[in-house]
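If you check TrEMBL, you get these features:
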- 7-33: transmembrane segment (TRANSMEM)
- 45-62: transmembrane segment (TRANSMEM)
- 74-91: transmembrane segment (TRANSMEM)
- 97-116: transmembrane segment (TRANSMEM)
- 128-146: transmembrane segment (TRANSMEM)
- 166-185: transmembrane segment (TRANSMEM)
- 197-216: transmembrane segment (TRANSMEM)
- 222-244: transmembrane segment (TRANSMEM)
């Protein structure tokens, strides 16, 4: 029997992370896993986040279908599929803490570039999307953090906020589907994880709806600022985690 206070914690963390997801289109796992991990082991938090993104992703594909940039999402996904095994191979041979710090430095450099340099006049084609997707897969395999390269890809081009947000949501649904078989193989998708996911799902839907309501009242400049802020938070959180693991 799962304690009621555990379910309340999972539900609350899911709702707060879902609000961020609803506003920017990304950052759900980055926010939910650490919050849940304050009270539960990370190996329990990660399957919940992945399962939730898989479930809500089917809804996103329908609701967001008119806003998604299918070509770029497909190329990002193809790159991520190729990059994930390399990330896992690096993880087997390198120190995870050092790799997290390296990722944080790379993301910080990209963030400075995006802040200082205006968006490119056109969206990059396969020569940009495939490497960005590959890096997303690489980062996912190393640190379970596929977000920064994909976010940087959309922010570096004149992508309408609604398109960027929808495309990111669908892309992270796809990367969650890539991760799910491994979790099942490792035995992490057990009865407890399924019950906790079922309890948290309504909170994910409610939080995403609230975030979407806020997004609709946000200007293009406001969206870019929020997305850059989240990207910076991802870099900081990853770097801090890496440093703490080295200490």
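Each Cβ is built from the backbone N, Cα and C atoms, and glycine gets one as well.
Taking every recorded stretch in 74-91, 128-146, 166-185 and counting its Cβ pairs under 8 Å to the transmembrane segment (222-244), the highest total belongs to 128-146. Of the candidate ranges 45-62, 74-91, 128-146, 45-62 has the most C-beta pairs within less than 8 angstroms of the transmembrane segment (197-216). Beyond the transmembrane segment (7-33), the same-chain residues lying 6 or more positions past its ends with a Cβ under 8 Å from any Cβ of the stretch are 39-40, 42, 45-46, 48-50, 52-53, 144-145, 147, 150-151, 164-169, 172, 196, 199-200, 203-215, 218, 223, 226-227, 230, 233-234, 237. Between the transmembrane segment (166-185) and the stretches 45-62, 74-91, 128-146, it is 45-62 that has the most C-beta pairs under 8 angstroms. For the transmembrane segment (128-146), the residues of the chain that approach it from at least six positions outside its boundaries are 29-30, 33, 46, 71-72, 75-91, 94, 96, 99-100, 103, 152-153, 171-172, 175, 178-179, 234, 238, judged by C-beta separation under 8 angstroms.
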